[in-house]
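Written out below as structure tokens is the structure these notes cover.
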């Protein structure tokens, strides 16, 4: 019963932070240091990533018509949707090439409060610096159609940075997109779309690794996994709608300051 309650809390954290540029994995790592599940470490490692699938389902639900080429009434519209998917796949490729070989090493060595706190602060500072730089500049990529295949690849290269815990997948992609001239709204939406193949792939990889190690799922573990995923799905719907509305009238500096403050608090707790 206590693990179900913990799964609800972790699911809320995941749903709130997956698409905000503040690192969902970093937040979950920190939460797990306070209310760690009473399960094996193998299950916990898998759980942290697989509940992200619930958040991804929120994107699929909210953008189903926009991302479904078969729902388009004209050949031109269908072709535009297929092109968008092609750009998403191109953007994901760098993470596949770099992330897969380093996955196990990252899990074993970098999931620590010190690493999370450090990356929270570094990218918080970068967001503030970048937003100050962009203050009087106009974006030249203002629609998803404006994103070229080359631009998609560049954004995908930035996503590779998120393999370090605390960086934030959405944060890295949004930061990169802003840097190359994408509007905040389009950068945010494209980051959502990149999450679909990226996190579905990671979830499958983590489940496969968990089973390959000879583990199975008890009834309680299934309940914990489903609870966390469902809660993250529901909360992510709210978070996505809120973020899209927020970026239409605000920049990302508040997230930068939040990252710096949280990172500093973690460091203080560690060393005091």
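The first residue you see is number 1, and the count goes up from there.
Yeah, the Cβs are placed from backbone N, Cα and C, and that goes for glycine too.
The stretch that Swiss-Prot tags with transmembrane segment, taken from the ranges 164-184, 185-205, is 185-205. When each of the listed stretches 2-22, 43-63, 185-205, 224-244 is scored by C-beta pairs under 8 angstroms to the transmembrane segment (252-272), 2-22 comes out highest. It is 185-205 that, among the stretches 43-63, 185-205, 224-244, forms the most Cβ pairs under 8 Å with the transmembrane segment (82-102). Counting Cβ pairs closer than 8 Å to the transmembrane segment (2-22), the top stretch among 43-63, 110-130, 185-205, 224-244 is 224-244. Outside the transmembrane segment (185-205), and at least 6 residues removed from its termini, the chain residues within Cβ reach (under 8 Å) are 18-19, 49-50, 52-53, 55-56, 59-60, 63, 67, 84, 88-89, 91-92, 95-96, 100, 103, 139, 141-144, 146-147, 152, 155-156, 159, 169-170, 173-174, 177-178, 240, 243-244, 247-248. Long-range contacts of the transmembrane segment (43-63) within the same chain, counting only residues at least 6 positions beyond its ends with a Cβ under 8 Å from a Cβ of the stretch, are 7, 10-11, 14-15, 18-19, 24-25, 28-29, 32, 36-37, 107, 192-193, 195-196, 199-200, 202-203, 206-207, 209-210, 215, 221, 224-225, 228-237, 240-241.
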